[in-house]
Amino acid sequence: MENRMVTPFDVEDDREQYSLRPTTLKEYIGQKKVKANLDIFIKAAKKRNESLDHVLFYGPPGLGKTTLANIIANEMTGNLKVTSGPAIEKAGDLAAILTSLTDYDVLFIDEIHRLNRSIEEILYPAMEDYALDIVIGKGAAAKSIRLDLPKFTLIGATTRVGLLTSPLRDRFGMLCAMEFYTDEELMEIVVRSAAILNVNICREAAFEIGKRSRGTPRIANRLLKRVRDYCDVKHDGDIDLQGAKAALDLLEVDKEGLDKIDNKILEAIIFNFKGGPVGLETLAYFIGEELDTIEDVYEPYLIQKGFIMRTPRGRVASEKAYNHFGVTKKEEKDNQVSIFNK
């Protein structure tokens with residue numbers, strides 16, 4: 001999965017993208033509702049000389065949660081401390097991070113749904129009262145002391161908000177749903193990134209890259225860099241529509257932003273399971289992918305684009321999925337040969 005050109009997750013080759021990230025809300029493209037709310041909340045907090053209330057970003061990976069955390073830290077003139085749920089293994093790890101913060105700092109916890117429950121409970125007084133409760137000693141001699149913490153902002157990010165416990169979720173003052181980007185928004189992101197990379201690109205080519213980026217800025221920037229490589233070798237370095245299409249076709253990212261694995265999922269449902277319904281476990285076993293990977297990585301985009309439907313009985317291919325392969329349901333029933341073998 002990590003080697004997919006259209007994986008929404010951060011990979012080693014994406015490190016150059018850090019320089020492409022906006023640093024202010026004004027520079028940030030997309031997520032209009034989230035951006036508008038954050039703009040008001042940040043201005044209100046600064047007007048009252050208070051830290052920003054705690055924020056939870058949830059949604060598919062690659063949509064800008066970490067970027068917004070950086071922007072919030074910049075806007076609040078605080079430092080950003082970044083960690084993740086799996087990285088905090090002991091209560092002492094979290095205590096060390098919390099006591100190192102200063103006023104207006106931002107603590108960003110990625111994959112916050114993977115925090116150990118016992119560690120999670122340490123966050124409750126930290127979020128509510130800016131306090132850290134420490135137990136000294138053991139048994140009957142144990143006693144609890146409370147340390148004051150600076151006025152910091154906790155930003156949590158998760159791709160699976162349903163796995164958060166209610167006590168933790170309820171302590172966030174702002175819950176922000178991150179949505180897939182429109183093709184037009186991604187075009188603007190590609191144009192902006194190309195300018196930073198000193199690459200000449202026409203808007204038609206930028207739109208083509210954006211259209212095939214699965215609604216995800218991280219993928220758009222990754223594809224831009226690969227198209228840049230292609231045009232440096234095959235063209236004069238400038239990216240036009242013809243060069244963009246040729247590069248993306250060579251990368252096997254089709255006009256809908258689907259790659260070989262996406263098409264494999266659709267082919268399996270249509271040609272091997274008669275269009276569905278098929279259970280997620282069965283589908284995962286058939287195509288050789290982890291169940292969580294299908295549910296968290298592939299499905300959101302396929303559902304959002306209308307290729308598959310999630311039903312109580314399993315996954316069902318839509319008419320759009322059949323059209324994608326140029327077949328109708330009747331033709332598929334007349335010829336049940338898997339196109340895996342073609």
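The backbone N, Cα and C atoms fix where each Cβ goes, glycine too.
Annotated features in Swiss-Prot:
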BINDING   LEU20, ARG21, GLY62, LYS65, THR66, THR67, GLU128, ASP129, TYR130, ARG171, TYR181, ARG218  ATP binding site
BINDING   THR66  Mg(2+) binding site
BINDING   ARG310, ARG315  DNA binding site
REGION    1-181  region 'Large ATPase domain (RuvB-L)'
REGION    182-252  region 'Small ATPAse domain (RuvB-S)'
REGION    255-342  region 'Head domain (RuvB-H)'
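Annotated features taken from Swiss-Prot, shown on the structure.
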| residue | record | DSSP class |
| --- | --- | --- |
| LEU20 | ATP binding site | helix |
| GLY62 | ATP binding site | coil |
| GLU128 | ATP binding site | helix |
| TYR181 | ATP binding site | coil |
| ARG310 | DNA binding site | strand |
| ARG315 | DNA binding site | strand |
Among the binding-site residues GLU128, TYR130, TYR181, point out the residue whose Cβ has the most other Cβ atoms within 10 Å, with all shown protein chains included in the count.
-> TYR181
In Å, rounded, how far does the Cα of GLY62 (ATP binding site) sit from the Cα of ARG310 (DNA binding site)?
-> 23
Rank the binding-site residues LEU20, GLY62, THR66, ARG310 by the number of other Cβ atoms within 10 Å of each Cβ, and give the residue at the low end.
-> ARG310
Taking DSSP helix as H, G and I and strand as E and B, the region 'Head domain (RuvB-H)' (255-342) has 50 helix, 9 strand, 29 coil
ARG315 (DNA binding site) sits from LEU20 (ATP binding site) (Cα to Cα, rounded, in Å) at a distance of 37
Cβ packing number for ARG315 (DNA binding site), 10 Å threshold | 25
Rounded distance in angstrom between the Cα atoms of TYR181 (ATP binding site) and ARG315 (DNA binding site) | 24
Express the predicted model's confidence over the region 'Small ATPAse domain (RuvB-S)' (182-252) as a mean pLDDT, rounded to an integer.
-> 94
If you measure from the Cα of ARG315 (DNA binding site), which of the binding-site residues THR66, GLU128, TYR130 is the nearest?
-> THR66
When you look at LEU20, ARG21, GLY62, LYS65, THR66, THR67, GLU128, ASP129, TYR130, ARG171, TYR181, ARG218, which the record names as binding ATP, what is the longest CA to CA distance in angstrom?
-> 37
